[in-house]
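A.B. asks: Below, the features straight out of TrEMBL:
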type     : residues : note
COMPBIAS : 311-344  : compositional bias 'Basic and acidic residues'
REGION   : 306-355  : region 'Disordered'
TRANSMEM : 24-48    : transmembrane segment
TRANSMEM : 55-74    : transmembrane segment
TRANSMEM : 86-109   : transmembrane segment
TRANSMEM : 130-163  : transmembrane segment
TRANSMEM : 214-232  : transmembrane segment
TRANSMEM : 238-261  : transmembrane segment
TRANSMEM : 268-285  : transmembrane segment
TRANSMEM : 374-393  : transmembrane segment
TRANSMEM : 435-456  : transmembrane segment
TRANSMEM : 468-485  : transmembrane segment
TRANSMEM : 587-609  : transmembrane segment
């Protein structure tokens, strides 16, 4: 029998809204299933009916409003105040980061510096999609996640892969799958430091515990993705050495830095080490040539395709003869391996490649000079350097204003934790997004010094606005949903129900994180939502609070690939707006598999190898 906390009488008489944990007939289980209805609405509309994310998230929000007011008895004023709080937080700081990252990306595209980056990749790596998937999707994406996070890697890396001839759905699907294990230490460790602040647990211990969970997944993730992308023979057997190098270099570095240094640098350094390791490795090892996986350069309609001549070390002279006539065909037939069956004929979609010419990416291209290579990497180097300086100098705290949300801050009684619920929006004019904007302005100045017209700035702003209009709406709706779900008490009913399973809780604890990140699209927000619940449940059951709090963060990373926030940002940048449901159906199975694996790892660490758990 679950002990359901009840608010003391003085909280009610003080005029607070008291969260009810079992409002449906006094039944916790019945209330649990009613509380799941808004989540089910979003998932079904996205994945089954293929309705765009902004409509799906809005429908889920509307359903949540009715349930919060009429089932959980939340006053309408506080209901809509919590929605407003969520919308504001969605735009600052979350979308402020994404907008500025995309602004830099668009400057690079408009100025041609993104083309230099593609040329650098092509001239320094094999033009094989399987290898490029590891370099760009896994290693480079982890580097971006370690610095910025919040959906930035999915948008930028999928765009880069599409420009190299990847099918857009493939590009986004695998970029999202890769953007999992780097998430817990993303944005220079903000999720872990937030978790430590909310739970009162040491950040170093939490970092160590997460660093003894996620590296086990990081180790196999590249090879796992190759298996699903190219199949057993062409993916696993042909490319496992590259997958092993990418996975081992990342996992080992992530484990070392998370355990010995702290939460700020594991993914940044691990992504950088993995990127250098895999690029260095393919200088002397290359997978067997397979024309099906030849990367292609997408060329604008008015331009001539690159000269289709292969490197003699890659193919035979007989293959060179037939290369030109097959180049376009190779660029179009990019669904292969197990993915050929994943998308049915009614999922056919227009891609950004339509109306353009393609040429073999390993055609003879002019290798960028040292000066060009510097410009190719300049925007990403600026982001890394400026954000690191910004974070460690605590620039974000300068000018911070704490806004106590009217009619909500300390006006809600958080029954589960027996305290008033704060609602404070910390407005930081110099937040991480501003650091990325500064990097963008420095990059813009460098571009202008090369002779570009100042109009490139305005055109890049317009591009960014067009790309992120619907993502901003979607993220606003989904964060409003999350805040309402939280302040109404529905989230705590769901969490309390799952935490009532006793010794099975270590397995389900990762699913609490999974649920929270699906709602918010952020590991940081997931830790804010259920991090303290994990600690309370752990102490009641007699489990390790450190392990359960870490499991919340580790489990959260596995649902980032299916969160509407990240889906809508990704599809908007590669010309697939409205196709979030298609991507969801391609990623949800992988999300569930990874969460199951982490659940097993958590149980083993709790009951089998408790020596791995650091002290509080």
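Glycine is treated like the rest: Cβ placed from N, Cα and C.
Could you tell me the structural context for the features on the list?
C.D. replies: Remote same-chain residues near the transmembrane segment (24-48) are listed as 2, 4, 55-57, 59-61, 63-64, 67, 71, 478, 481, 485, 490-491, 493-494, 496-497, 500, 515, 518-519, 564, 567, 580-581, 584-585, 588 (criterion: CB distance under 8 Å, separation of at least six residues from the stretch ends).
The list of residues near the transmembrane segment (86-109) in space but at least 6 beyond its ends in sequence, with Cβ under 8 angstroms from a Cβ of it, reads 117, 148-152, 155-156, 159, 187, 379, 382-383, 425, 427-428, 431-434, 436-437, 439-440, 443-444, 447, 456-457, 459-461, 463-464, 467-468, 471-472, 475-476, 478-484, 521-522, 565, 569, 573.
Sequence-distant contacts of the transmembrane segment (214-232) (same chain, six or more residues past either end, CB-CB distance under 8 Å): 130, 133-134, 137-138, 170, 174, 177-178, 180-181, 184, 238-240, 242-244, 246-248, 250-252, 254-255, 258, 270, 293, 336-339, 554, 557, 590, 594, 597-598, 601.
Residues 124-126, 131, 134-135, 138-147, 182, 188, 218, 241-242, 245-246, 249-251, 253-254, 257, 384, 388 of the same chain lie 6+ residues outside the transmembrane segment (268-285) yet bring a C-beta within less than 8 angstroms of a C-beta in it.
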A.B. asks: What stretch in 55-74, 130-163, 238-261, 587-609 has the biggest tally of Cβ pairs under 8 Å against the transmembrane segment (468-485)?
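C.D. replies: The stretch with the most close Cβ contacts to the transmembrane segment (468-485) is 55-74.
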A.B. asks: Excluding the flanking five residues on each side, which residues at least 6 beyond the ends of the transmembrane segment (130-163) place their CB within less than 8 Å of a CB in that stretch?
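C.D. replies: That would be 94, 97-98, 101-102, 105, 114, 117-118, 121, 170-172, 174-176, 178-179, 181-183, 185-188, 190, 221-222, 225-226, 229-230, 234-235, 238-239, 242-243, 246, 250, 265-272, 274-275, 277-279, 282, 286-287, 293, 295, 297-298, 351-353, 380, 383-384, 387-388, 432, 436, 471, 521-522, 565-566, 569-570, 572-574.
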A.B. asks: Which bits of the chain, at least 6 residues beyond where the transmembrane segment (435-456) starts or stops, bring a Cβ under 8 A of a Cβ in it?
C.D. replies: 97, 100-101, 103-104, 107-108, 110-111, 113, 148, 375, 378-379, 382-383, 385-387, 390-391, 395-396
A.B. asks: Excluding the flanking five residues on each side, which residues at least 6 beyond the ends of the transmembrane segment (55-74) place their CB within less than 8 Å of a CB in that stretch?
C.D. replies: 17, 19-20, 23-24, 31, 34-35, 37-39, 41-42, 45-46, 83, 474, 477-478, 480-481, 484-485, 487-490, 564, 580-581
